[in-house]
Amino acid sequence: MEASTLLSQAITDIKPYTTNHIHMEQLVHKLLLILMLLFSTATVQSEYLRPLPRKALTAPWNSISKAHSSYPQQVHISLAGEKHIRVTWITDDKKSPSYVEYGTLPGRYDSIAEGECTSYNYMLYSSGNIHHVVIGPLEDNTVYFYRCGGKGPEFQLKTPPNQFPIMFAVAGDLGQTGWTKSTLAHIDQCKYDVYLLPGDLSYADCMQHLWDNFGTLVEPLASARPWMVTEGNHEEENIPLLTDEFVSYNSRWKMPFEESGSTSNLYYSFEVAGVHVIMLGSYADYDVYSEQYRWLKEDLSKVNRERTPWLLALFHVPWYNSNKAHQGQGDDMMTVMEPLLYAASVDLVITGHVHAYERSKRVYDGRLDRCGPVHITIGDGGNREGLAHKYINPQPKWSEFREASFGHGELNIVNSTHALWSWHRNDDDNSVKADDIWINSLVSSGCVDHKYTYDTLKFV
């Protein structure tokens, strides 16, 4: 209904209630809102009017587990080395076995793999048994049907392709609100192969049952496509002298750190379909004497740009951020690690933390540089803390597009030279593409004609 029609209707509605103060107050409020709408549409028609916040999701998540304690809950999958996938789930039954049956036909499992199980305590909370089983080798770009622990429903997953094109869905700072639900629905529609999450998953913030809620919320998507995540500040959950840092995150979301030569689940790398992806830890030590720094140099030295012409890096705290929120928080890490990523010709850097969206031009050391990476901040998955609306003006030269709205990104790497990046805002419950750009790989731009050396940062 148009604003002018609403205004006429509201004026008509006033007449019967002129003696009722409550109704008058409501109608006056309605008139003010309509007048604001008329003014805004008349003066700034192109500006996006953001929807209102949405509340945290609540649901009887544990109704199934109470009836069937050995049934798998919170099932999710992740890549675990070449042609292998790690299946993770939780059971309340401490005696439930850790194995996965799988095959390419529903109900017919011609393979079985065994794994490990762990659990953790956090204050008065005790987790269920957390099972991790690696299955494979698997065929590329193939649908598999699987069952966890011999009980419960059958799940199905699709392995990623081993060559271009490949589609990544991207959203950070996910949480579990009404906007999260909308974001997940949009991601589910984009036919992605792998989901990338640059930190801040559940927003449990020490309330451990919220980890269980989150696991159940994302299960329909996370059990069907690999979810590759790295930690944010909301995963730390550290209470000095009482709890360990990242104990919930590390126990529940095991990533392929061992497969990539890392000694910590907080940073690792993986390869898929011509793309090498580095997942760094903003909350792990990163100075030049740290284990993460040493591992990163070694990992970058092994990248073969003929096999993986695209090189991506993800971590939580952005280095390039023109939002007033979290200003400067990534500066120390940037000082130490940006030269490494630049020397290795990283194509794209994706971060979260700031609850808004921003895309940069190619940049290095604060200046435009055709051989620097494109930086994308996408901490707008749906968290309960709301959006970061205030930006620094004037807009920096390196900043290309910025908007404080919930949404998700899609990275379609078409071939070895071209990728299409798009960002889709949550316009109520519709996915609206608000930003897109074709990105040329640095391999095709003449920026990878140098040799990266392990011991130095020189081009030789």
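Glycine residues also receive a Cβ, built from the backbone N, Cα and C atoms like all the rest.
Record features, source TrEMBL:
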type	residues	note
DOMAIN	72-159	domain 'Purple acid phosphatase N-terminal'
DOMAIN	168-357	domain 'Calcineurin-like phosphoesterase'
DOMAIN	372-432	domain 'Purple acid phosphatase C-terminal'
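Taking the domain 'Purple acid phosphatase C-terminal' (372-432) as a whole, pLDDT averages 95 in the prediction. Helix, strand and coil counts from DSSP across the domain 'Purple acid phosphatase C-terminal' (372-432) read 0 helix, 31 strand, 30 coil. Mapped onto DSSP helix, strand and coil, the domain 'Purple acid phosphatase N-terminal' (72-159) counts 0 helix, 49 strand, 39 coil.
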